[in-house]
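The compositional bias 'Acidic residues' annotation in TrEMBL covers 215-231. Positions annotated as compositional bias 'Polar residues' by TrEMBL: 270-283. Among the features that TrEMBL reports, domain 'Leucine-rich repeat and WD repeat-containing protein 1 LRR' is placed at 7-200. Residues annotated as domain 'Leucine-rich repeat and WD repeat-containing protein 1 WD' in TrEMBL: 292-680. What TrEMBL lists as region 'Disordered' is 215-237, 256-293. TrEMBL lists 415-449 with the feature repeat 'WD'.
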Amino acid sequence: MSKITTELLLERAVPRSTRLRKIETLNLSKLQLRTGDLDPRLFSRLRHLQKLDLSDNLLDKFPNSLTLPDLRVLNCNNNKLEDVTALKQFPLLEELTYENNVYLTLNDDYKVMFLLQNLRLLNGKDITKLANHVRRVNSRKLTSKVTAHWEKFFRDQLPEKHTAEQVKSIKKKFLKSVQTNVVYGPSSLSEFTRWRVKMIAEEFLAYSLGLELNSDTEPEEKTDENEEESTESPREAAEDVAQVVHIYDPLLTTGAVTVTPSKRKRNHSKSSPGNKRSKSQASTEEEAEDVSAEPLHFLQCHSKGNSREDFKTQLWSCVFEPVLDSGARKDPIVSSSRTVATCGGESVCLIDCETGTVLKKYKVATEEFFSVAWTTLTMVISDSRKKAHNILAAAGRRGIVKLIHVAADFCYGEIKAHKKPIATVCFSPTQETHLFTASYDKRIALWDIGIPDCDYNFKASQLLVLETASIPLRIALVPTCPEQYLLAGCEDGCFAWNIKLDKGQKSRPFEAIFQFPDDESMTTSHRVDGLAFLNDDVVVSKSSKPGCIYLWSWSRSFDAKGKGCQRTMSAVILAELEWSTTDMSYLTLSTCPAKEYVFCGDEKGSVWMYNLSGYTTAWGSAKGKRSERRISPTQILKWPELRVNGEQPPEILVNNVVADPAFTYLVVLTSVNITAIWKKS
């Protein structure tokens, strides 16, 4: 019978507890415990355990499934531990001690530093800088050596048309050879190096041979769960697979299911009962069948556990990568590539819009990503030359911002920005290291993320905190003064803050709240779940009022000369866009300023597009009046009829839709884990 019982756990809790799920600190030292005494079924009930003391026992290893999701501090001093790799099941671990375990060596210290990304203290010493080196620089160099070893000695040994047996044979030879011949670092770390080399080599083979293996026509072949599956011709599929690269960070996978549209639907949106459609809207829908954009790719690349059956993961945010050319960046038409970053569920993907290839994929098993944003930093590389590099910030449910150096395939750091989920992030267009994070804690924070050195050491600092009256959902910097004013669409209204850093006040309340029409009166109290600037002055905002998208003037609405904070101002409405009559929230909008377009998806998988180039000149004049009638969409892109394994996906909501600055591609993110890419014809 196990020495550990429910009663013992409750008694050894600090302080004593009456419920296992309430225990946060537990002392199980000096109980002569062996590995078999740690019952995973009992420990799985310690859901909120943060500190665990197992010192002075007889443990030789850890069970692989203790399920302590919130464990932060672990003491294993004076045991008989022989292996530390099972500690990877505690990803949030920050402090670890295992002194006086005679079988553990320096190699185990390095394994722990690599496996536990949040670890700060090991045996009482701050290992942050060394751990960064182990996870990034060491890993990058070993990856380079492993790849070079394959290219030099093994690549040509594999026939172009190969069988499963040939792949199996070459894999065995390669793993043996690479562990023997790839050497790096001091001899005292040879065991760690072999361990990492084997890991890197296996991942390398999984993303190259494993994917190519799927081109076999033998029906008995088992499909690898990380493969990219395509309904294109075998040649096109092979070309796509060859372009897939993985970001080297823990728990990384690449894979997408490409879904092909069948015949396009000819059905039209029906209004809700009691809501009549205007003639203009009905005629617009008829015209929308003759679209000027065609569906190019439908990708299922954010699946949980790479499951092809995952049609539940919500996709939330996408941003096109900027071009690394300082001259070109001044021209919005050429300021982005055809590469787009998308996020949803536990992963962030980089997709080539033209080919539909998932170029890179970054995954955190305990995260749900809500937002991504790009910036370009001038960094010093290894030969002391300065060079511009694109950095991707990703954030979500855990309140942590991940910073990814895409060209180096590294997530080089993180910022613990908030204790509650982050709804959205954005970089300043004028200060490349300034990042805004808007959180469910009803705060918007401004961070200086710093510039990483050649070893990826960086220092982030908080510059400002903006207090909100409700949860901020969307944020936008005012184009004419991005260092002075920020707008936010929140659960309970639209607000503005003065963000100028020379004011000295680090925590600030909102400076203005805007009123919008509500039937016969004006109101400030409504959810604003869509917010973007169409040009330097025209704001586009979407509220929870059914079918309501407003265009309004920032300069005429905001009186900068007024005094005092928390002033109420009436938004000067320029026009209202005709949109779906749904009352469903969080279907956000976007703009393409260079082409003067507004985009918004709906609850039926359609994308409503508005070309407003014929209106902006009049709106810009001092006497510009509000358009009396709602502006109908220029086009409505209907969701094609898709078949996945012979079946149609469930109800499709368009959570977000974004065009590149030149409006060549349109990326549509849905509620059913499908990324749709349209190309303007």
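Every residue, even glycine, has its Cβ placed from backbone N, Cα and C.
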List, by number or range, the same-chain residues at least 6 past the repeat 'WD' (415-449) whose CB is under 8 A from its CB atoms?
-> 317, 370-377, 391, 393-401, 403, 458, 460-477, 479, 482-483, 486, 488, 497, 499
Please list, for the repeat 'WD' (415-449), how many residues fall into helix, strand and coil according to DSSP.
-> 0 helix, 20 strand, 15 coil
Could you give the mean pLDDT over the repeat 'WD' (415-449), rounded to a whole number?
-> 96
